[in-house]
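Worksheet: one structure, shown below.
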Amino acid sequence: MPSTSYAGEVEAVERPSGRRAAGAPGAAAATVGAAGAGPSTSRPVDTGAYREVLAHTVKPVIKKNVFVKAAEAAFGCVQHGEYASNEIRTAKYTLLTFLPVNLFEQFTRIANLYFLIVAVIQLIPGLAPTSWFTTVAPLVVVLAINAIKEVVDDYYRHQSDREINGRTVTVLEEGGRETPVTWRDLAVGDIVKVVNDTEFPADIVFLSSSDPGNICYVETANLDGETNLKIKNCFSKTTGKNLADDFKEFAEYYSVRCELPNPQLYKFEGAVVLRDDPDGPGSQLPLTADHLLLRGCTLRKTDWVVGVVVYTGLDSKIMKNRTPSPRKVTQLERHMNVLVLTMFVLLFVISALMSMGAVIWEKAHVHDDWYLGYEGKYPDFYPSFRSWVLGVIRWVILLNGVIPISLYVTLEVVKVFQCKMILDLDRHMYHVETDTRFSCRTTNLNEDLGQVQYVLSDKTGTLTQNVMGFVWLSAGNELYGKRNCRASDLPSPSHIDEATPHSVALDPDLLRGLGLDLSLLAQQPPSKTNKSMRGHAIIIRAAAARAPDPELERFMINLAVCNTVVPAISDDGHFVYQASSPDEEALVTGAAFLGYRLYSRTTDQVVVELLRTGEHLHYQVLAVLEFNADRKRMSIIARCPDGKVRLFCKGADTMIMARVAARQPRVPAVRRHLEEMAQAGLRTLCVAEKEIPEAAYGKWAAQYDAACVALTDREGRVAEVSEAIERDMELLGATAVEDKLQDGVPEAIEDLLSAGVGVWVLTGDKVETAISIAMSCRLFTDQMALVEVRERDFEGTGDDKSKEAAVLRGKQEEVRMEQTRLELELGPDCGPMVGLVVEGGALARLLTAEHAGQLVDLCTICKSVVCCRVSPKQKAEVVKMVQRYRKAIVLGIGDGANDVSMIQAAHIGCGISGREGRAAVMASDFAFAQFKYVARLVLLHGRAAYKRNTEVVWYAFYKNWIYNMVLLYFGFVTGWSSQPLFTSGLIAVFNVFFTSAPTVAFAVLEQDVSMSTVLSTPQLYSETMNATRRQFLSEQLWWLVLASWHSLCIYFLPVYSMSNPNKDGLTYDWQMVGATVYTGIIVTANLKVAIRTRYWTWVNHVCIWASIALWWPYVIGYSAVFQVTPVSGAADMSGVALDMMGGPQFWLTSLVLAPAMSLLPDLTHMAFQRTFSPKLFQIYQEKEWRDELISEGRRTLRLDQPPVEGGLADSTGLELGARQPHMGLQTQR
């Protein structure tokens, strides 16, 4: 079945901190269907604090009348009853609403609104100098292109909605009936049966399962992107039932009390309540997130489950998580807004001045020149303020093209082409191993990629592979994993691949400590059979020579018990572990290799198989205190095979060390080993254990039960109770997991740093681990000095902000001193050479309004920054801090749900398709498989997109400036009137037909230097990275200066050359002159693109020359229209084309003189600038041209053949030229 597609993104939220194991001793003792409890007639309610759901075994029938259905279809809405309907609509439009809604949204864009106002004014009789068609036609084209795009997008949304709402699910009803019901008709209180490999239609409380362990497996990929299966636990009092009649007592005597609908995916507070005595002792049984099956999840490896619907439609958690993607505006768009506003002010000033000139001219001529026909009333008032106002309006209408109407739609088209034809199809950003393509999830941010100043990255799964290997462990005061059998000249175990990432299992000392004989382990040659489940057990059992070290055995059992891993058996007989955490998977797999295999896991029991004896150890799970970002640890309380209650715990070293009993002799050794592990760049966890007396457990369990059924602040209460039991533990040791760097990460970071991009790493790892990884990926180097800002630096400051500021000032001074020292050692041109390490505890103090600016100053004077022990919230706050105080473009990149807030906060969010699911990808703007692609994305594609797209903007204003300046010049010779030089048919199509295609081709295909040069010279990126608004507007001003010269040449050359009579003695009328000028504009504007194009393809040739060639059939056809059919608006052009082309003036001025004289200053400026003040990219252009010349010369002189002794190759000047110094390249043509 296809997966459900929901609009919007899923927020990253934290998982719950605890759950009560089903059937655990100490749980509430209520029984479904207890004697004496009568049925209740109360209605389901949302009390304001919680929702009370009454299950029913007969589905109520709700029918909508024809008018309601028609209204829903017309307006795209859904009628809701007491609870939200389960029908969803993600489509944006209907047939009735499309036109008004789409037009409203399009006219919220200021440029479109401006042209709409101009078009409306043009409809006023006698006011506009041009036809309404000249504005409406291009505006309709622009609106239509956007509307077509919206129609296509919404069509697929409608299809998705119909498919989802039309799916069926089985509803259980009395009499053993299993009624198929469409998802749209599902209601709160329905008891539904969902079968394997289908999605859940609503949020359902899990009542029964086909699994004998009363569990089910769900896949949550549609919610959070994680593909690992999760275990869900059945409500313990309704197990084994699969007919509606079996649930009749439950429906009559009990209700499901749950929290009001909310977006928290991993939190659910509810209870099954006895209706007649809801607050009595033992009348509430707790429900947690483990009992809730969420809409969008898919049932796996379970034949069927039964549950009662509690949240439907828009109330379901997945729909509550629908949030619109944040609107991100690029720097170029902001520059454009300033430019458009400036041009509008300039347009108004020009119009006011021209209208003033018209008033002055009219005062001199209106009374004396009777043939002008002034009547002194609208629309020809006598010279006055009223006539000046009308004149301003007319000039604004005539020159409205100063703001190019096609600019925005051209940029949108260009960006789509850049994303879909270049980025998405870049084979160098395709990851073969995972078959993952680069994906542009937005087309709005292309040019911002060329201005990235900071890259803020997660570490695990982003810089690293997130393929964890269990490599070291500390137990019994010994550190294992540093040796392996092969290096010690000892036989390797035949059941373990020597290339395994879990290399700790190859340590000979550890194997001996577990009572295994190395020679017996290696007795059988390695084979596929040995590595199967059965072969694995046989080999270890045969090698068990003596009893294992008790300390090591306790440690291994703890690893096998204390986790949430789900074991399964693959088709080839291997144990496969489904784990939400790669760390847990690595630890459990390593323990299995060493003979302590997690055999099975159910809601209330964990079974560990001792492979050395074949014995199965059964641990009855009493409570699971789950891991979350605040606790940073997890615990399982279980009744062990010896009957004792024990707490098994593992977590971050800081959390565990703070909760172990005092004065344990093992602590110093473990601390020493942790330090060594961190220096090796390994991820560490501590392992602890505690025996709990029965009386103490009973007392604690009562408190825990009360916390678990609380409907307000359940998570906080559970955390408080968990804290009470997780203390005075016995430290067993520590584990070290290796997460190797991805391929190409050091090179990518080095390129980014060389380009001047700041790279910061934000990680939850401890300081030593983060520094080690930073050294490995070349973020830090041996030559650099490191300055650390630790939490201990603020001891004694209390909440005194001035003292905290003093600490920061001290760190800034330390950075300056280290930088000065390094400049003396390495030279003054070494650049920033100080790395900064900030600990999460210190960051928590400094991410405040009082210190944020000072902290940014400290970070930005350093070359690289690593922030350790940071939470997901702090990651987002660091991103916002840099954006706020540095006004810089920040790129955030991560791979997990905990990185979503950082990705969404950044200007540009990149998601890695990794092992932590697709939550980061779903929240991102660009998605790909490996961090190394960031360098190519930013340095190559980002730089190109910025340069191309800025030229699109400059060119759009340039060509429209030429076009409108000739209208202005014509006004000087027409009494300052707003008489247009061109007819309506020419004005309407200038931007659409003759000047749009070349700029699109240029923006998609242009390369100022080759891709290999860009990638090998990261310094080229500084040109776009450091580009400012001032530079953008200055360059636009230069384009307009050149455009003004072009307009002078294009206007005056044809006007004066055609002022003399033609061969028939007739003068050229203004339509012929206008068409000739129009021809000059088309030729010059297209040649302007040609002289700026370096990378020519057949597409560029077709677009440029075809745009020019298209003018001739158009003008000839336009001139012939009126002669065939008397069409209004075409009369003025009747017969113009052939008469105009019959004289030499047309060909000489419009095709030769006007373009040549216009572009001469452009070519002169380009030559002088390239010769005397070359830019960096131009130097590399010269180098490429020289290399091409040398290569061509070698081929011509046949120097590519093996040199002959004494031959020409030994003395050729080309060979010497190849060795010329780099900086002299611009002079070698």
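Glycine is no exception: its Cβ is also placed from the backbone N, Cα and C atoms.
Just so you know, TrEMBL annotations are computer predictions that nobody has curated.
Features of the protein shown, as given by TrEMBL:
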REGION    1-23  region 'Disordered'
DOMAIN    81-136  domain 'P-type ATPase N-terminal'
TRANSMEM  107-124  transmembrane segment
TRANSMEM  130-148  transmembrane segment
TRANSMEM  338-361  transmembrane segment
TRANSMEM  388-411  transmembrane segment
ACT_SITE  D458  active site, 4-aspartylphosphate intermediate
BINDING   D458, K459, T460, E584, F627, K650, R683, T763, G764, D765, R869, K875, N898, D899  ATP binding site
BINDING   D458, T460, D895, D899  Mg(2+) binding site
DOMAIN    921-1175  domain 'P-type ATPase C-terminal'
TRANSMEM  952-972  transmembrane segment
TRANSMEM  984-1005  transmembrane segment
TRANSMEM  1037-1058  transmembrane segment
TRANSMEM  1070-1090  transmembrane segment
TRANSMEM  1102-1125  transmembrane segment
TRANSMEM  1145-1168  transmembrane segment
REGION    1200-1229  region 'Disordered'
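Fewest Cβ neighbours within 10 Å among the binding-site residues T460, N898: this applies to N898. Max Cα-Cα distance over the annotated ATP binders (D458, K459, T460, E584, F627, K650, R683, T763, G764, D765, R869, K875, N898, D899) is 25 Å. Confidence in the domain 'P-type ATPase N-terminal' (81-136), given as mean pLDDT, stands at 83. Cα distances from D899 (Mg(2+) binding site) to the recorded positions D458, T460, G764 are smallest for D458. When Cβ atoms from all protein chains are considered, those within 10 Å of D899 (Mg(2+) binding site) total 32, not counting its own. Take the Cα of D895 (Mg(2+) binding site) and measure to each of the binding-site residues T460, R683, G764, R869: the nearest one is T460.
The residue listed as 'active site, 4-aspartylphosphate intermediate' is 20 Å away from F627 (ATP binding site) when you measure Cα to Cα.
Only pairs six or more apart in sequence are counted, and the transmembrane segment (338-361) with the transmembrane segment (1070-1090) gives fewer than three Cβ pairs under 8 Å, not enough to call it a contact.
Tallying C-beta pairs under 8 angstroms between the transmembrane segment (1070-1090) and each of 107-124, 130-148, 388-411, 952-972, 1145-1168 places 1145-1168 first. Taking every recorded stretch in 107-124, 952-972, 984-1005, 1102-1125 and counting its Cβ pairs under 8 Å to the transmembrane segment (1037-1058), the highest total belongs to 952-972.
G764 (ATP binding site) sits 9 Å from the residue listed as 'active site, 4-aspartylphosphate intermediate', taking the Cα positions as reference. Across the domain 'P-type ATPase N-terminal' (81-136), DSSP assigns 26 helix, 0 strand, 30 coil. Here the C-alpha separation of D458 (active site, 4-aspartylphosphate intermediate) and N898 (ATP binding site) works out to 9 Å.
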